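Scroll down for the structure; my scribbles are underneath it.
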Amino acid sequence: MTGKTLYDKLWDAHVVRREEDGTALLYIDRHLVHEVTSPQAFEGLRLAGRKPWRTDTVVAVPDHNVPTKDRDQGVADPVARTQLETLQENVNTFGITFFPMGDVRQGIVHVIGPEQGATLPGMTVVCGDSHTSTHGAFGALSMGIGTSEVEHVLATQCLLQKKMKNMRVSVDGHVGPGVTAKDIVLAIIGRIGTAGGTGCAIEFAGEAIRDLSMEGRMTVCNMAIEAGARAGMVAVDDTTIEYVKDRPFAPKGEDWERAVAAWRELQSDADAVFDHEVHIDAADIVPQVTWGTSPEMVVPVTDRVPDPAAAGDPVKARGMERALEYMGLQAGMPVTDIRLDKVFIGSCTNARLEDLRAAARVVEGRRVAEHIKLAMVVPGSGLVKQQAEREGLDRIFRDAGFEWRDPGCSMCLAMNADRLEPGERCASTSNRNFEGRQGLGGRTHLVSPAMAAAAAVAGHFVDVRTL
Amino acid sequence: MMERFDKLNAVVMPLDRSNVDTDAIIPKQYLKSVKRTGFGPTLFDDWRYLDPGEPGMDHGQRRVNPDFVLNDPRYQGARILLARKNFGCGSSREHAVWALTDYGFRVVIAPSFADIFFGNSFKNGLLPVVLDEAIVDRLFEEVQAHPGYTLTVDLEAQVVTTPSGESFPFEVEPFRRHCLLNGLDDIGLTLQHADEIRAYEARRRAEAPWLFDAGPRA
């Protein structure tokens with residue numbers, strides 16, 4: 001018998017029953033809820049006269065719609081306000097743990113789950129948000145779900161699922177200075193494509209992944225979905241356990257000892273077989289910049305914007321031409337010639353303390369370029385913000401000309417007031433460069449926090465390693 | 001309750017782009033709604049209209065983009081969307097499926113779908129059909145060559161049939177097919193196994209008690 005992968009182990013530990021065709025009822029340990037994808041699910045429960053199965057697994061927080069400044073004035077947008085009030089009503093009605101705006105623990109759902117220790121190794125974690133893959137960094141099976149599934153999990157504590165395939169992406173060796181988790185994951189997506197992991201759970205492995213902090217591993221797993229994989233994960237090691245220890249929701253005392261012993265098993269066996277294996281040499285990775293309207297449209301900062309004529313496949317070439325037109329770029333131009341209008345440092349991909357520190361190191365003693373209309377830092381949570389302020393990072397950013405905001409999803413998806421105007425070009429530490437993602441007609445380039453900070457200072461992309 | 005699906009003959013609308021993401025299917029500003037309905041008029045909003053849209057607008061008064069396929073008179077009444085690979089990638093927003101069904105689509109045919117969108121579709125009576133890329137290429141040629149082109153999609157028989165009688169079989173997971181054919185509420189089905197869920201919980205609680213004491217601890 002061959003060994004099991006990490007995903008096999010997590011799957012097997014959570015199967016409640018199997019249908020004849022292999023569809024399984026999978027038990028869910030943690031259900032994270034935000035305001036956008038939950039109202040219809042709670043309404044569905046009410047209409048059917050059903051009660052939530054186990055409310056103690058649910059943690060709710062507003063993040064997508066919340067304003068990132070002038071919070072004392074409330075939420076100006078009446079439609080957003082209704083949605084936020086609906087979440088408040090639902091958590092009150094059903095007795096759900098809730099971190100409202102104004103609570104220092106409020107923040108982006110994928111930042112606060114791990115921060116609170118609500119995400120633990122070995123758990124199944126779901127949320128009505130595709131970036132739930134983030135939590136896999138803890139050796140958890142975590143997946144984004146739709147609203148019908150949110151309702152299903154609320155009502156039954158289970159998810160109906162078919163097992164995915166096993167894929168392992170190994171990043172071998174060590175990255176050079178100035179190359180971050182974001183560059184690693186963008187390079188992976190550039191290699192395997194935006195559908196490269198469709199139907200798979202991806203385990204990220206190799207020395208370069210082991211070298212990463214938990215923040216870095218979260219950045220990598222966060223973008224598994226941009227490679228098409230609903231779940232990304234990293235095996236448990238000392239880095240994982242150190243991070244989890246003493247967090248508010250983490251087990252304590254004897255439970256802690258038992259839990260750690262169990263978590264140590266959360267590794268793929270040496271003889272486990274994967275359906276797909278990809279190897280990437282860490283030493284080859286340089287800071288990445290996306291040039292197009294899909295995360296797979298990415299190149300090293302040292303490179304040029306690619307030419308559709310070289311694509312081969314006509315459907316792909318048309319897609320590239322459309323992307324170049326939308327982005328207002330010329331094939332063959334150096335990436336460092338791309339001039340920016342706005343800079344956004346934030347999102348569930350890159351708004352943790354380590355990200356803000358990396359950006360601040362680049363910014364310190366420098367100024368945002370004259371023509372940059374807005375450079376903003378949106379911390380991932382109130383606690384991240386508080387700690388950053390203790391370290392004086394807010395001062396560094398403000399002195400350089402950045403705005404320092406309150407936590408939320410903000411301009412990653414521009415549901416609140418933070419957005420690009422048509423034609424504006426943004427260096428963004430978020431996860432999606434889709435057409436209109438950051439505002440109708442807006443042009444998004446995905447980069448690491450250090451690269452975004454460097455771009456803010458230079459006014460155009462620049463290789464952060466040369467600063 | 002979910003609308004059941006068995007067989008449909010309908011006009012096909014071709015959307016000739018790969019990696020159509022859920023932000024394109026329904027832009028973020030409409031996600032502030034707390035309802036499941038009313039998303040049809042803003043399906044593909046950024047491509048479909050020339051002016052910016054906001055929730056609560058009368059979308060009938062907006063300037064339509066005559067070059068976008070959804071506004072082409074020959075595809076009016078289409079209930080089958082023909083798409084390229086990786087359709088529905090990106091966000092998990094089920095609003096994308098609600099927008100397609102609210103507009104009137106019951107089937108999307110593509111060489112591949114993103115996982116979350118694929119699952120969301122079945123929960124809402126929208127059938128995603130995967131056909132080989134070469135077949136999809138041919139269907140694009142046929143639909144563009146023949147105004148009023150229709151296809152018949154038969155879920156019971158798992159086959160797509162062209163007007164000339166050519167047919168292409170497709171795969172569907174038996175459980176999903178069963179639920180869609182019968183319009184079954186899968187929460188109701190799952191709750192039939194409540195005892196098994198409780199038995200699992202009892203077993204699991206003994207193995208991993210920390211998972212059952214989930215609140216913040218002092």
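Glycine is treated like the rest: Cβ placed from N, Cα and C.
For reference, TrEMBL has these:
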- A:C348, A:C409, A:C412: [4Fe-4S] cluster binding site (BINDING)
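Everything TrEMBL records as a feature, shown here on the structure.
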| residue | record | CB count, 10 Å |
| --- | --- | --- |
| A:C348 | [4Fe-4S] cluster binding site | 28 |
| A:C409 | [4Fe-4S] cluster binding site | 32 |
| A:C412 | [4Fe-4S] cluster binding site | 29 |
Inquiry  = I want the residues beyond A:C348, A:C409, A:C412 whose C-beta is within 8 angstroms of the mean position of the [4Fe-4S] cluster site's C-beta atoms, in chain order.
reply    = A:D63, A:H64, A:I108, A:H110, A:H131, A:G346, A:S347, A:T349, A:A351, A:G408, A:S410, A:L413, A:S430, A:N431
